[in-house]
Amino acid sequence: MNSTSRRSANYKPTIWNNEYLQSLNSIYGEKRFLEQAEKLKDEVRMLLEKTSDPLDHIELVDVLQRLAISYHFTEYIDRNLKNIYDILIDGRRWNHADNLHATTLSFRLLRQHGYQVSPEVFRNFMDETGNFKKNLCDDIKGLLSLYEASYLLTEGETIMDSAQAFATHHLKQKLEENMNKNLGDEIAHALELPLHWRVPKLDVRWSIDAYERRQDMNPLLLELAKLDFNIAQSMYQDELKELSRWYSKTHLPEKLAFARDRLVESYLWGLGLASEPHHKYCRMMVAQSTTLISIIDDIYDVYGTLDELQLFTHAVDRWDIKYLEQLPEYMQICFLALFNTVNERSYDFLLDKGFNVIPHSSYRWAELCKTYLIEANWYHSGYKPSLNEYLNQGLISVAGPHALSHTYLCMTDSLKEKHILDLRTNPPVIKWVSILVRLADDLGTSTDELKRGDNPKSIQCHMHDTGCNEEETRAYIKNLIGSTWKKINKDVLMNFEYSMDFRTAAMNGARVSQFMYQYDDDGHGVPEGKSKERVCSLIVEPIPLP
């Protein structure tokens, strides 16, 4: 065993050890702050009910979502969006029909909530040649709203393609002009990543700061947003402490020191998928799974021999501890930690929902390991897959189907065996999100992974397929991400076979990947830099209150 030649990825150690995580403390879980938040929510409800103009309503909905407090006011939001939808569809008189901002904001919010609204509502802003009118260039607020709305497009919607190109071009031009700093910051933030591609909770510190600088800022909404953020942060800290205690008991960080120790970064994935308080179980499940996936991925990618990997894959596929004796010691530790964690979590699930998820959970772990083994065989044989062949495996090895199928189990009240089995085919609701996660991951990690000697990723596969250079290929992959979002908008957002909670979580999976790998770096694997800033902002540092 000791004489076996093994590769090393030289991963940096975690900067979030158990001692530090257990020391996290927040006063915002105290009863006085919870009572204050309830009082503020009642005052906001009164404010919302006093609002009469449809445009004021949709702007309030937008603000509530950006400030990540919309989950407190779902009844109000649902009622008012239905009213706006009825106005647009029935052709009833609306005083804002010529208002680009009002029309595009309504379109975006309605589509975001699953309403099927035609892009024809934008015809009023186009000339006889089918182009957007040039006089719209000076309407910066309208341009920003048009830009954000254009990312709700689906395949074949040429009006929306034109809207996106038009708005992007003119917003970039506006940035070069001498303009108000707050407005310039808002444009730059939008051009960096559109709102539809962001998770509101992961972006909320920026949104709160931006809202506070607005001239039309409502102090009541701002106060609630800050307090709600701090209360949620207190809850997230408690969850991380619980996760850290679990992780310490597994002894995986010290026993498998060659692998990534990324508990906190894994928790960010769970937080991004489902940030609301009532989705705690989902967050914890995703965090535990992602932590274990990172370790197992490193076993297959870097440390394990091909013979060992075949034995480990077989043990996971059989889901039986009698195969433990066949494994080397480091794999025994990993397999038993996986086996116990999944079974304990499934026991809690059985008590809560009366449903045995072990067969479905173990299936996804086996599927993941079998795919890792295929990719390991590619590496050891020197095989170079085409981009399509790579993505067919890569959508599984990035663990999208694993995370989304478990999220479905958590978010579905009345579980049916048939529906869960249907998910095993990785239908579009899972496929497109997983492909997007794979592409975003590869943009951020492929350079470092190739230095370690890992398999070629999507960038290298496309370069090998086409002869393009890396810069051209990165541009191609970014365009592929855009076209994949069109599929997500149709096959996930508008797929009414699934609950809105699950559809939102699925899209959040795509969004978190772009958050983690936003700057073409590895926000999951590299603990310093942007990753550290994000953890501090979301989980460690509260927003100062007066």
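Using the three backbone atoms N, Cα and C, a Cβ is placed for every residue, glycine included.
Shown in sequence order, Tyr372, Ser397 are the residues of the chain, 6+ apart in sequence, with a C-beta less than 8 angstroms from the C-beta of Asp297 (Mg(2+) 2 binding site). For Asp297, Asp301, the entry in Swiss-Prot reads Mg(2+) 2 binding site.
The Mg(2+) 1 binding site feature in Swiss-Prot is assigned to Asp297, Asp301; the stated evidence is similarity to another entry. In the three-state DSSP assignment, the secondary structure recorded for Asp297 (Mg(2+) 2 binding site) is helix.
Taken from Swiss-Prot, the feature Mg(2+) 3 binding site covers Asp441, Thr445, Glu449, and the record attributes it to similarity to another entry.
Listed by sequence, the residues of this chain that lie at least six past the ends of the motif 'DDXXD motif' (297-301) yet keep a Cβ under 8 A from its Cβ atoms are 9, 11, 256, 258-260, 309, 312, 330-331, 334, 369, 372-373, 375-376, 379, 397, 449, 452, 454-455. According to Swiss-Prot, the motif 'DDXXD motif' annotation covers 297-301.
The binding-site residues examined here are Asp301, Asp441; by Cβ neighbour count within 10 Å, the least packed of them is Asp301. Distance noted between the C-alpha atoms of Thr445 (Mg(2+) 3 binding site) and Asp301 (Mg(2+) 2 binding site) is 13 Å. Annotated pair Asp301 (Mg(2+) 2 binding site) and Asp441 (Mg(2+) 3 binding site), C-alpha to C-alpha distance, rounded: 15 Å. DSSP assigns Thr445 (Mg(2+) 3 binding site) to a helix.
Note on Thr445 (Mg(2+) 3 binding site): other Cβ atoms within 10 Å of its Cβ, all shown chains, come to 22.
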